[in-house]
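What TrEMBL says about this one:
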type     : residues  : note
DOMAIN   : B:19-90   : domain 'Glycine transporter'
DOMAIN   : B:106-179 : domain 'Glycine transporter'
TRANSMEM : B:15-35   : transmembrane segment
TRANSMEM : B:42-63   : transmembrane segment
TRANSMEM : B:69-92   : transmembrane segment
TRANSMEM : B:104-124 : transmembrane segment
TRANSMEM : B:130-151 : transmembrane segment
TRANSMEM : B:163-179 : transmembrane segment
Amino acid sequence: MDLITSLPASWGHTLRVTVEVIGTVAFALSGILAGMRKRMDVFGITVLGFLAAFGGGTLRDILLDRRPFVWVSETALLWLVLGLCASSMVLLRGGRRRISDQAIQVADALGLGLFAASGVQYALVAQLPALVAVLMGVVTGVFGGVMRDIACNETPTAFSDHRPYAVCAFFGGWLYVAAQWLGWSAWASLLASAVFPTGLRLLAVRLDWRLPGWPE
Amino acid sequence: MDLITSLPASWGHTLRVTVEVIGTVAFALSGILAGMRKRMDVFGITVLGFLAAFGGGTLRDILLDRRPFVWVSETALLWLVLGLCASSMVLLRGGRRRISDQAIQVADALGLGLFAASGVQYALVAQLPALVAVLMGVVTGVFGGVMRDIACNETPTAFSDHRPYAVCAFFGGWLYVAAQWLGWSAWASLLASAVFPTGLRLLAVRLDWRLPGWPE
Amino acid sequence: MDLITSLPASWGHTLRVTVEVIGTVAFALSGILAGMRKRMDVFGITVLGFLAAFGGGTLRDILLDRRPFVWVSETALLWLVLGLCASSMVLLRGGRRRISDQAIQVADALGLGLFAASGVQYALVAQLPALVAVLMGVVTGVFGGVMRDIACNETPTAFSDHRPYAVCAFFGGWLYVAAQWLGWSAWASLLASAVFPTGLRLLAVRLDWRLPGWPE
């Protein structure tokens, strides 16, 4: 609400809803596909869809002590993910995977940027210090996927695949903070800090950039 | 408290305490047995007992921002689980497992129904939408076991064993919502929506029903 | 703040800050080393450092519904851990591990005692029952490491290595409660209940004490 009022009413709301829906669908799909790959049952796959889609934002809200959660105030998002699970079941039956890996990568990059930017914004609205706000952005963007992987009994991809993912959200977060310092409007900051990590991520995937590890 | 006052004073309280105690003992035992199977030490087994018994309700209360937790207001439950861990250690020593799998199944089905019903009720008292309340029931009934399995470094049984478990709690939750719409009293709704998933679960185990997965 | 005002101003504050810094560094190092061992990337190792250092205290604060978190009110601690990750990367490069296992053991025992004692104190200040306060101490001391291990996709060491660890924190917690009953001052209780589990843990490691498991 604080957030919405700080934006031009109609623009801000439409922008946020669009952001939430695209990010939610992208992340839910990543959870559903992970559950399928692990040969889970209907319930497991649905939970993975929910965890991936809502886990990051819910963890952020618990840390910020912020209620209601997005999925409580916008129950439509819950129905959307439930419907997505049901329709994936029907559409992806029969062994033909209709969703290409590339489409998932693009949607996931979009979700990362959008969720990270909104996480930073929520934290700054709650008057938290810049570094904490940036970390909240990373949590929002990345921890849905981390929960998905932990529930699959796998080492989280985000921790171990040596590709820039969370790092993109981290730099995007600082971009938001910088934009605020420069006096940009809330929605310009939001847009810039959502587009930047998405683009950086897509570039990193395309050019096959690698993150260093610690050789032992 | 809200809950208790909404029920006939003596009945409601006795019913709730009985529910909590049976469900807690059943779930704690499932955690203790899981820890034994994983050859954990005294501390690990005790933590698994606590996680299985209190994990689901605690997660629900964190999501609902509800305090105090049941195990804070009723410390007796903590002592009960501690005592259960200690006595299991003595009684189950020497390789003879005294608790049959069937007894565990029945107690677990009871815990599932009781916890799920109470989860739905708490959420409806907190004025949450029906779908959210049903999900809170599922969380309360199922996530103690999920945490137990994650702490054991295993893929949660509830996600992957292809048997109806969470699904029973899900339908039980909608039964509660329906009962409320039909104007049933709180305790009749609670009882019906606790008995239904318990019965459904026992039936599913007995008749060996299977949940579909997504073939890839 | 409640805590600090209940202690002699300068002593109490210096003591607490020293405690937090040593414990944080020790636990962060354990996370960083775990991530290196698992061949994670820069992000994974940093997250493990954060989880190990702040996970226990953050979980305690979520359970107690206490805000702000230590790492929000003292952002310097966040920068400290970030700096520690970056400098470990540089210093531990090239295969020579400069930090001996023994140094880690001592620091970790210090962290255990210090965090457990502060956890008990926070819970008692929040008027919680003695058993709950002791459990909060155990959670604060132990669950950072548990989260680190779960994020590494391993069975938590604290649950399964059959060495006294959490048990030391448990007894230290009861020492704090006893000290309060005996009318000791807050800082004397804090000191005693931090030194005791640290010493007990070091003794247990040195004398190779074993915890019983449950033979099946």
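Here the Cβ of each residue, glycine as well, is placed from N, Cα and C on the backbone.
Counting only same-chain residues 6+ beyond the ends of the transmembrane segment (B:163-179), those with a CB under 8 A from a CB of the stretch are 112-113, 116-117, 119-121, 124, 130, 133-135, 137-138, 141-142, 157, 188-190, 192-194, 196-198, 200-201, 204-205, 209-211.
Here the domain 'Glycine transporter' (B:19-90) is broken down by DSSP into helix, strand and coil counts: 62 helix, 1 strand, 9 coil. Counting residues of the domain 'Glycine transporter' (B:106-179) by DSSP class, helix then strand then coil, yields 60 helix, 0 strand, 14 coil.
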